[in-house]
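Asks: Supplied in structure tokens, the structure appears directly below.
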Amino acid sequence: MHGGRDVANDASTVFDVVILGGGSGGYAAALRAAQLGLSVALVEKGELGGTCLHRGCIPTKALLHAAEIADETKEAAEFGVLATFQGIDINGVHKYKDDVIAGLYKGLQGLVASRKVTFIQGEGKLSSQTSVDVNGQRIEGRHIVLATGSVPRSIPGLEIDGNRVISSDHALKLDRIPKSVVILGGGVIGVEFASVWKSFGVEVTIVEALPHLVPLEDENSSKLLERAFRKRGIKFELKARFSGVEYTETGVRVSTENGKQIDADLLLVAIGRGPVSAGLGYEENGVAMDRGYVLVDEYMRTNVPTISAVGDLAPTLQLAHVGFAEGILVAERLAGLKPVPIDYDGVPRVTYSNPEVASVGISEAKAVELYGKDKVVTLKYNLAGNGKSKILKTAGEIKLVQVKDGAVVGVHMVGARMGEQVGEAQLIYNWEALPAEVAQLIHAHPTQSEALGEAHLALAGKPLHAHD
Ligand SMILES: Cc1cc2nc3c(=O)[nH]c(=O)nc-3n(C[C@H](O)[C@H](O)[C@H](O)COP(=O)(O)OP(=O)(O)OC[C@H]3O[C@@H](n4cnc5c(N)ncnc54)[C@H](O)[C@@H]3O)c2cc1C
């Protein structure tokens, strides 16, 4: 029985939508489709909630919060508070993290059940353009949504053994705090783990092939993060291509093409994630693919009229909230509504390290490419002028990118808690606000959102707490 209905004994059941994969993309599609009155089957081989809830966003953010508490305890005396940092109880940290996951997992299961989604536990496979096979049963649907997500990727010849060479999945369950770690990859995941481990007292070195950490961000944000990481004692090798790893008596020795060798207890491979599509019947049933990704148009339609794909399986931004939005878009389209395509530049991006890096819109480099150098105006507002940031003792900047005499097309922020400011930044970008319009809005004092207000005051030509 699934969701009160015995699908196995009901051969006549044809669902409006069958969704393969119950992660952020799949379950969002299921919830919205059910809300719009469609009958929905959701097939999941593991746990509802997928990567984000169980192995991604939520556990990493719990670890980062524990890391923040560790740092604040160590620095308590700077605020006149007497506290002694005794160390990290890693089992306690895991318990806290797992409790957060368990609570959200329970809530999500309840939500799916209450919307009358037929949840089918099992590994599914696309068996035709209108069916999925699972547990020896054929589930028919007028429409199929592929949402099988992604898994950690490695590079040829680098085997993730789960012991000394690990992926983020292993790192989240590590029952010890290593003395030293090399992290391969300075993107979001690598940088977040570097931040956590440093706060937990680990010696961390990031190896990144590109010239900067968080290389997809505006260069100014990367440089500010690098400065902050240097100050925190997080080491990084940039423009350093990995050439090999060997086991030593106590751990690993990582080599780079430019001749560096770094010894550590562990190597975390954080070079990205690859789509889960092999052997699932996609190609056999005519779905157009590219390097394992399912190709989609702006409405998340594949080349097969009865099949859509959402989330990390599609070659769009690999973020949970993108998965949610794509799932909702598909559900609304299938229900006959007229959803608008997603503007991926308008999706907020946050790296939750200490300090946080948050952005929306396009970088200065991209704006110059699109509009020409003469048409692009930028402004940097230093958080040193922001009372609340000063109280928090955080350093950083907000950088705005504007089309000359036009809208703000990029907001790039670095500093503690800047992820919480990205909501307003996103409204500014997505509503194509002019600096003078944002300057009209009064921001509460003293908040960090005020820094966003002040940056726009300055860009509108009437700076308040800003030095010329
Ligand atoms: C360490 C880490 C931190 C992250 N932090 C953030 C963050 O802070 N913010 C953010 O927005 N994003 C974050 N992400 C990315 C985010 O987790 C993903 O973008 C999101 O989970 C993608 O959702 P999805 O539904 O496409 O895929 P997934 O969440 O991977 O879900 C796919 C589901 O399909 C199931 N499945 C696969 N094959 C089958 C099959 N054959 N039959 C049945 N079920 C199947 C899987 O079991 C899985 O549950 C993070 C990722 C990682 C790894």
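Placement of Cβ uses the backbone N, Cα and C atoms for every residue, glycine included.
Curation plays no part in TrEMBL annotations; they are all automatic predictions.
As annotated in TrEMBL:
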DOMAIN    15-327  domain 'FAD/NAD(P)-binding'
DISULFID  CYS52-CYS57  disulfide bond
BINDING   LYS61, GLY124, THR148, GLY149, SER150, ASP312  FAD binding site
BINDING   GLY185, GLY186, GLY187, VAL188, ILE189, GLY190, VAL191, GLU192, GLU208, GLY272  NAD(+) binding site
DOMAIN    347-455  domain 'Pyridine nucleotide-disulphide oxidoreductase dimerisation'
ACT_SITE  HIS445  active site, proton acceptor
Asks: Hey, does DSSP put THR148 (FAD binding site) in a helix, a strand, or just coil?
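Replies: It is coil.
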Asks: Look at the recorded positions LYS61, HIS445 and tell me which residue has the greatest number of other C-beta atoms within 10 angstroms of its C-beta.
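Replies: By the 10 Å Cβ neighbour count, LYS61 comes out on top.
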Asks: Look at the recorded positions CYS57, ILE189 and tell me which residue has the greatest number of other C-beta atoms within 10 angstroms of its C-beta.
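Replies: That would be ILE189, with the most Cβ atoms nearby.
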Asks: Quick one: of the binding-site residues THR148, GLY185, GLY187, VAL191, flag those whose CB is under 6 Å from ligand 1, and say none if nothing qualifies.
Replies: THR148
Asks: For CYS52 (disulfide bond), just count the other CB atoms lying within 10 A of its CB, please.
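Replies: CYS52 (disulfide bond): 24 neighbouring Cβ atoms within 10 Å.
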Asks: Could you break down the residues of the domain 'Pyridine nucleotide-disulphide oxidoreductase dimerisation' (347-455) into DSSP helix, strand and coil, giving a count for each?
Replies: 46 helix, 31 strand, 32 coil
Asks: Please list, in sequence order, every residue of the chain apart from GLY185, GLY186, GLY187, VAL188, ILE189, GLY190, VAL191, GLU192, GLU208, GLY272 whose Cβ lies within 8 Å of the Cβ centroid of the NAD(+) site.
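Replies: Surrounding the site, in chain order, are ILE183, PHE193, ILE206, LEU213, VAL214, ALA270, ILE271.
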Asks: Of all the Cα pairs drawn from GLY185, GLY186, GLY187, VAL188, ILE189, GLY190, VAL191, GLU192, GLU208, GLY272, the residues the record ties to NAD(+), which distance is largest, in Å?
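Replies: Roughly 14 Å, rounded to the nearest whole number.
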